[in-house]
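Asker: Heads up, here are the entries from TrEMBL:
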- Y99: active site, proton donor (ACT_SITE)
- K170: active site, proton acceptor (ACT_SITE)
- R152, N407, N451: (S)-malate binding site (BINDING)
- E242, D243, D266: divalent metal cation binding site (BINDING)
- 76-257: domain 'Malic enzyme N-terminal' (DOMAIN)
- 267-520: domain 'Malic enzyme NAD-binding' (DOMAIN)
Amino acid sequence: MLKLACMVRCSGYNLMRDPRYNKGLAFTERERETHYLRGLLPPAIVSQELQERKIMNNIRQYQVPLQRYMAMMDLQENNERLFYKLLIDNVEELLPVVYTPTVGEACQKYGSIFSRPQGLFISLKEKGKILEVLKNWPERSIQVIVVTDGERILGLGDLGCQGMGIPVGKLALYTALGGVRPSACLPITLDVGTNNKDLLNDEFYIGLRQRRATGQEYTDFLQEFMTAVKQNYGEKVLIQFEDFANHNAFELLARYGTTHLVFNDDIQGTASVVLAGLIAAQKLLGGTLAEHTFLFLGAGEAGTGIAELIALEISRQTKAPIEECRKKIWLVDSKGLIVSSRKESLQHFKKPWAHEHETIGNLLDAVNAIKPTVLIGTSGKGQTFTQDVIEAISSFNERPIILALSNPTSQSECTAEQAYTWSKGRAVFATGSPFDPVEYDGKIYVPGQANNAYIFPGFGLGVVMSGAIRVHDDMLLAASEALAQQVSEENFEKGLIYPPFSNIRKISAHIAANVAAKAYELGLASRRPRPKDLVKYAESCMYSPVYRNYR
């Protein structure tokens, strides 16, 4: 009896230390009385709104972005609902803190700032026991998993186990922007070693100190993981592959796309958000996608993924075979323009883009030869859209579309100021990371951000709420079209081809509805009956960060 009484009286103490239920000074008088919180809190009772103002004031005092990131992570670990309320209400200010570009630096220094684990770390030590490891996670109703092996974190390379910052950040956005419940989200890092010598020699590194597993060992480990996930969580859990290197990313998507509900944000999410911007740009410029010629700098998973989705959309619009539509799209890699004479030496995912043309060794010559109307950078290398390149494409286009998509900011192919200045204010411009507005020739230009965060949270919600069992390319096209429809005339007047992030939950609801509608149309949705109003249903499914009353 004494032990039971102690457990009851300890409930208030435990309530304050569980981030899902903690409200800090917002616990009411009645809650403090009912849940044995008397004396455990100062007497003041404050609203969630006042807490939000205080924390935002504190965060704004930090001059170093990484300090802001750490403050937000501390809040997430202490008070979950306040964290999400803060992020939702201040999304444009805090998105760069919890996501790109600051999350890149956080991953680089993850071992040094690591205090409390988030998500599951599954290493080669757990081979043969992965199902047991998954069962160690306390939540059972998982709907979305974001998983990385840390080999290609943003444009920063192999960060091994420290890539965990990416799944954690992505899932925070699944909840804040897409409304997926935090308890339904699971971040996972697969630690198969790292080839980063600096990390292997870093005393604060938190992962396995060995070189990366490859070949059959890697394949078997991934197979065990994918089998265990399906066995533990069922067929309708969405598995998002994140920041895998090219040589694994395409293979994993191809291998598991027909057996699991899988999505690769670097390939498919990036493609969908870029296509949305291009569709919106046609409303700004007039004409159709089929009238454009596209040139990419970068032929990895992002570049080829975007190229393929553009070709699919052109094929859908024109009814032409996709092979014909691919001929309007050219790619430049580290060896120059991808052409037919190079086909034998190309990786398999580059071969569809090897067209008949003479060999060209650099981007500037490719621009002058191909004369693209759209220039897209996915190279991961900063300052590659030089003044010569931008002046060249501007010389034969009244309004060139220039997308410098590489993250973080330091890796962007050019800055907003460079794009607008060198094109004499004529470029329709967007980037992967945020840039401030630019004044040129007395006019203010606002660069758009082709951020995957526009797509994957709403896409994931649409998949979850429809009970989809597979991801189909048409669902990605549906997401792109929904996002493009959210760009207003007011946005176009500023030169924007993406809507403001301040409306992101509304945007995500429309994307989710479009994706769910396509899943039902394709016979891939398992949740019956289909809701009559999918937008309203999406909004009703969204997690609310407002404090609940505990009676």
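The backbone N, Cα and C atoms fix where each Cβ goes, glycine too.
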Asker: What is the total of other Cβ atoms whose distance to the Cβ of the residue listed as 'active site, proton acceptor' is within 10 Å?
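Answerer: Result for the residue listed as 'active site, proton acceptor': 27 neighbouring Cβ atoms inside 10 Å.
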Asker: If you count the C-beta atoms lying within 10 Å of each candidate's C-beta, which of the binding-site residues E242, D243, D266 ends up with the smallest number?
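Answerer: Comparing Cβ neighbours within 10 Å for the binding-site residues E242, D243, D266, D266 has the fewest.
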Asker: Near K170 (active site, proton acceptor) in space, meaning Cα within 10 angstroms, which of the recorded positions do we find among Y99, E242, D266, N451?
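Answerer: Hits: Y99, E242.
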Asker: So of all those recorded positions, Y99, E242, D243, D266, which one's Cα sits nearest to R152 ((S)-malate binding site)?
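Answerer: Going through Y99, E242, D243, D266 one by one, the Cα closest to that of R152 ((S)-malate binding site) is D243.
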Asker: Going by Cα-Cα distance, which of the binding-site residues (E242, D243, D266) sits nearest to N451 ((S)-malate binding site)?
Answerer: D266
Asker: For the recorded divalent metal cation site, whose residues are E242, D243, D266, find every other residue on that chain with a C-beta no more than 8 angstroms from the centre of their C-beta atoms, and list them by sequence position.
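Answerer: Other same-chain residues near the divalent metal cation site: T148, R152, I153, I166, F241, F244, A249, N264, D265.
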Asker: Using a Cβ cut-off under 8 Å and a sequence separation of 6 or more, which residues in the same chain sit near N407 ((S)-malate binding site)?
Answerer: T100, P101, G104, L154, G155, G432, S433
Asker: To the nearest whole angstrom, what is the C-alpha distance linking D243 (divalent metal cation binding site) and Y99 (active site, proton donor)?
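Answerer: Rounded to the nearest whole number, the Cα-Cα distance is 14 Å.
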Asker: What are the sequence-distant neighbours of the residue listed as 'active site, proton donor', meaning same chain, six or more residues apart, C-beta distance under 8 angstroms?
Answerer: G169, K170, A172, L173, N451, A453
Asker: Please work out the number of neighbouring Cβ atoms within 10 Å of the Cβ of R152 ((S)-malate binding site), leaving out its own Cβ.
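Answerer: Total other Cβ atoms inside 10 Å, all chains included: 24.
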Asker: For the domain 'Malic enzyme NAD-binding' (267-520), what's the mean pLDDT in this predicted model?
Answerer: 95
